[in-house]
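Each remark here refers to the structure printed beneath this line.
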Amino acid sequence: MKIYLVGGAVRDALLGLPVKDKDWVVVGATPQEMLDAGYQQVGRDFPVFLHPQTHEEYALARTERKSGSGYTGFTCYAAPDVTLEADLQRRDLTINALARDDDGQIIDPYHGRRDLEARLLRHVSPAFGEDPLRVLRVARFAARYAHLSFRIADETLALMREMTAAGELEHLTPERVWKETENALTTRNPQVYFQVLRDCGALRVLFPEIDALFGVPAPAKWHPEIDTGVHTLMTLSMAAMLSPQLDVRFATLCHDLGKGLTPKNLWPRHHGHGPAGVKLVEQLCQRLRVPNDLRDLAKLVAEYHDLIHTFPILQPKTIVKLFDAIDAWRKPQRVEQIALTSEADVRGRTGFEASDYPQGRWLREAWQVAQAVPTKEVVEAGFKGIEIREELTKRRIAAVANWKEKRCPNPAS
């Protein structure tokens, strides 16, 4: 029995990055030998065991053979005669097909170290084409390592295009698509994930609402980048700089979906695109089974982001109605989230990346003023039932009006 550290732990150690999870491969052992050594079996489809002390995963070396469609249609063979090289060959990328033995020696049969140095994401073998999930995984790796200047090898991107054109991605379940997308959205450069999917044709298959934005123009005065798809990815990039929150990033991605519905004869203007985009957000989230809290914020951002941009001319009554609409009294975090997504929208434009966004500050300040109005005083004044809400709203509007006159006067007044 020989044990090797494999995959991501070896890759990240060679890149000088923190190693989070360790996976191990065991060569020359049987399931019974693992059980006798105190390991606990957890793998259903193939033999995977948990170490009795560390609880890290130890898998018996195995090979895989395509036996059906999609990413689940594989037959696994795990036995003592499966070599380390054979196990590594079934992996997706050369940089993930690395192993390290007890002595610290790197085993690299598929030139993963060379590709690490060249900053290349390259598939190990043609078997890559048998698993459509790998298209999303490569896009996610491209996003994860974009800050290190990694790029996808030409032949790998070509294979990803072939897989997409062959309809392989249609076998992916919504849950798997969302899981990869969720992981990609938490990387330093989530926009790269969606750009790679577009480059290989997968964006049109998996995210048609986003793909439809490419080629849709916006007024050059407001959007020097002109293309709405390009703006969407620039905005997502900016959101990633402003916030690590998944919900902020996802909402930013969806903020302009309504522009894909504008008839061509009305281009480049997109009047009413915010409310129009809400249905598309709902559609995308339902299809991919996106969690409800992410969906709800994305719908609100789609509907109200343009309103935030016009904050100086908003009436105090409109500002308080906005807080009602986003349910800020029960979910105060939404004020900050919407301020961030609106800022990302403005700064996610060519030449505006370093712009100040005072509207975000004003929104936060107005919220502090509105929520500081004490409910207790309204109740003590004798108001009852629905009158409490009505009086509270009046007092909030008055407080915001007083604040706005001093801090953010209407430029037209």
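Including glycine, each Cβ sits where the backbone N, Cα and C put it.
In Swiss-Prot this protein carries:
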- Gly8, Arg11, Arg91, Arg137, Arg140: ATP binding site (BINDING)
- Gly8, Arg11, Arg91, Arg137, Arg140: CTP binding site (BINDING)
- Asp21, Asp23: Mg(2+) binding site (BINDING)
- 228-329: domain 'HD' (DOMAIN)
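As a whole number, the greatest separation of Cα atoms within the ATP-binding residue list Gly8, Arg11, Arg91, Arg137, Arg140 is 16 Å. A helical conformation is recorded for Arg11 (ATP binding site) in the three-state DSSP classification.
A Cα-Cα distance of 17 Å separates Arg91 (ATP binding site) from Asp21 (Mg(2+) binding site). Using CA atoms as reference points, the binding-site residues Gly8, Arg11, Arg137 were checked against Asp23 (Mg(2+) binding site), and the closest is Gly8. Sitting within 8 Å of the Cβ centre of Gly8, Arg11, Arg91, Arg137, Arg140, and not among those site residues for CTP, are the Cβ atoms of Gly7, Asp92, Leu93, Ile95, Asn96, Phe141. Taking Cα separation as the measure, Asp21 (Mg(2+) binding site) is nearest to Gly8 of the binding-site residues Gly8, Arg11, Arg137, Arg140. In the three-state DSSP reading, Arg137 (ATP binding site) counts as helix.
Cβ neighbour counts within 10 Å, taken over all protein chains shown, single out Asp23 as the most crowded of the binding-site residues Asp21, Asp23. Regional average pLDDT for the domain 'HD' (228-329) in the model is 92.
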